[in-house]
């Protein structure tokens, strides 16, 4: 090859590089096709498919649950008209997104229209990337749903080639609609090689395609007619503007256009992306010269083609999705564990400073310079291309430290940086967790599963998944909620559905590492399950999104396929198994055979098998020059497997023990160390440190303190009060803490500083308006920060200045009356010798007119007169009620009937106010009780943080907690409940609702923590409901009735009520639930035989835990963090605790007076005391009382509960029925 040829080859290479950098390719669009899970639109022209959305789409000012996909390059929000009514006649009469609107055709089988709905994290992250680049100032982009529609190789209708269709010009383009709770965005993709024509024949003429957003016809205000709504045009009727769809942008990426298309509750207009210049890696660098070809002439009746210069087509290969920067959520900041070496001020990574390129100034060359300018263009692109390649090498910790975990150090290498977890933590550096600390996983499960030979699938969406693993012994627990009875039994064999957390945090053998230690918390998992002998197949897809602000691993799961049927009521036993994990570059594979046994209701047993194959993909740090050695093959050993489907609560539960180690097993003496077998006595919040032989020590995890056998949470909020900064509240959590901005403030973009919320101001309520004084003018708030001033009746003016109207000058009174003017009013009084109201006066003396009350009273008295003794004063019959009137003749607010001994309240007309009648010896309040909970103005809404709720007769109060200290100065009433005796109080952490029992109704009710109407849940077949417990996971409530001597359960709305126990109960009162483990605990203060009992939530396995040394066990609480069941006994005058299995019972405090109820929060217990009429705090770590709160109104205090800022994730005990 000579120099000349080599030169042209070099230019050709540069040309290909330049075009590949500058142009959007089909491969840059979102994945599509049948392999991506897409559905196909029916072939033809003007074909329409209605699609019901999983989440509403906002378009202009409307929200739509159904959309219509059409061959002709558009998405409609209502059923489209025939194409003759809109092709070439835009805007249309119906709402549509026109991405490439023309007369299109895919009837030849080559062109296809694909569509799907997608909520996978990888897809949503890509939408966030595009939207955030188009709207760089918007940091609240959090889509939860995507609709992806792809028109591939569609031709123009009416244009024919040689017959086989291969020579027809074809276009490919894509629309992605990303929606979140209050807005929707449209992302439009126009790949350069995908646009081969820009017009289609319409009515015999070639008409350019159209792109834009049309609202369609809208109802006119104050009339029955309709008018054309707004039409936002992306391309005009000029062909040149259509060509620019693949050449320009508003999102910083050539051929990609982003628009905000709808918002709720307020909508102003379609908003285009703000970045119209191309970033250097996407387009022309600043100062570049780019050639522009002339527009081809327009030919009537012919479809037009964009005349692009020839270029080399890219190879068809799958390109991985780019690694996206971590999403910053500026609503909360959680520095999981403070590092305070010298100063209490925490250290935070510097915020990311994002820069955006300046607008490109493009100059166009003269025609005779075209070739030379092209050379300049190639040279510049060569420089830009290789600058982009070598830019990765320049990434250093200085600008990327914030991408590492707050528990990791950043280290620079030759080719970039890597993150490494600090001592005491493990992970991949971007996700690090404390050694020995229990780990939790939360997520959602969706699926479309066929069971047995059923022709119809069972579909479910966003079911809750909760998992928990005791890291220092490898025991994992999984629960999935709302699984229908037709599917639940058949899911029992799939223990690995959530058991991936077992591999991630498996107990490590010497020289081996669990999954999280190697790859962290961001990875994808796909498993293929084949059941034998029926050959049923199921696919499991899981996306792990890392550790969230609560220190929980987050996962989304999708199931699709068929399961062999396990009959209802059958139980499943899974044999222990071993699984080999093969570790490669960013890829892990494993396979195993699982044997399981199905025990049927008729006593027969079936033994079955399934094959399990899975692939885990992740992204490791490529820059570490000294990558730690990972064993290429490791063996996961799984035993002590337990599975159960709870049909009553629609919950499926799994439990298993997991170890990761050598493929040759754990036969060495070294591996018998208790740290490697899990048979140690370390606290669940401690790491086991192996020593020589079988020696070991226990060390509390970071964030906890103690001797390792018992570990207690460190209260960072108390020990470092200023750790969260100004305008923030610190909430302590197990092993960590969390900062929340106070009301009126929110986190800035750095995620840690609380700044004042720029919210609308109600100047009327605040008193900062310029209206006249309230005695003369009214201020009316109209939204935003606007208001209107208007004069009151009796005054005149503009509202800012109001003057009194002298009504006396207007002759408003009678001619025989005197008028007296006053500010804003007047009075009329008849002259002497006249009587009347001043507006009407008549001569003579006034005769007093009786009031309604006096007339009612007189009528009853007269009707009771027999006529024989008229000289006596009339008296009513003994059984009759006579109203009482005050000195002015009005009804007394309180009326009583002495014969029956009842009193009630009446309104101004003497009508009884409902629900105010009381029994003998009691009088109702003069003020009628509220319909809903009346919250004091300075109480609603309740400020962020954890609070204590406690009941007194007639109300529920709350005390804010500052760490573990009661903030007594801020204690206030939450709900006023006149004439009610509230006994038990409970709290639902999911919906933030307060529940209580009332023995005067009797009833069980609820109300929002922030106020609102009282909702009665259970009002019948109750006598004395005294205990109440909430299962936030299964959405159930349990209560005790000490008069009916039974324990009942119902849904949280009061439905599906049933009796759990009605035997061997005398005086059941306190009851508590452990949702994560599905257990109930209650106490019976039967004086002849007090006891504390336990059962499963479905009523099985009822067991007496404590029956000795009990007196009156009034209060009971369970702390899932410390696995302690504690009670307060008014008979023995003690507070005692033990583990849920009835062991390790110990006395916390004794000599107390008369406790009624008790609740746990962290290391503290809080109980109510009848004799002290107080709420008392007890520190379990020091076994002493630390504080008490005396309510302003001194009376008996009853039930008590806490309002945690997040739902607790309890941990099951080491030894239980699940582990046997």
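For all residues, glycine too, the Cβ spot is worked out from N, Cα and C.
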From the ranges 320-339, 340-359, 360-379, 380-399, grab the one TrEMBL calls region 'Disordered'.
340-359
What does the DSSP secondary structure composition of the repeat 'LDL-receptor class B' (992-1034) look like, as residue counts for helix, strand and coil?
0 helix, 23 strand, 20 coil
Which of 896, 903, all disulfide-bonded residues, has a Cβ with the fewest other Cβ atoms inside 10 Å:
896
Where else in the chain does the repeat 'LDL-receptor class B' (1078-1122) make close Cβ contacts, counting only residues six or more beyond its ends and a cut-off under 8 Å?
479, 646, 648-649, 651, 653, 713, 734, 1027, 1029, 1031, 1034, 1036, 1038, 1040, 1047, 1049, 1060-1061, 1065-1072, 1128-1133, 1138, 1140-1142, 1145, 1155-1160, 1162-1163, 1165, 1167-1168, 1180, 1200, 1208-1211, 1217
Using DSSP, how many residues of the repeat 'LDL-receptor class B' (1035-1077) fall into helix, strand and coil, respectively?
0 helix, 23 strand, 20 coil
Where DSSP helix means H, G or I and strand means E or B, what are the helix, strand and coil counts for the repeat 'LDL-receptor class B' (1078-1122)?
0 helix, 23 strand, 22 coil
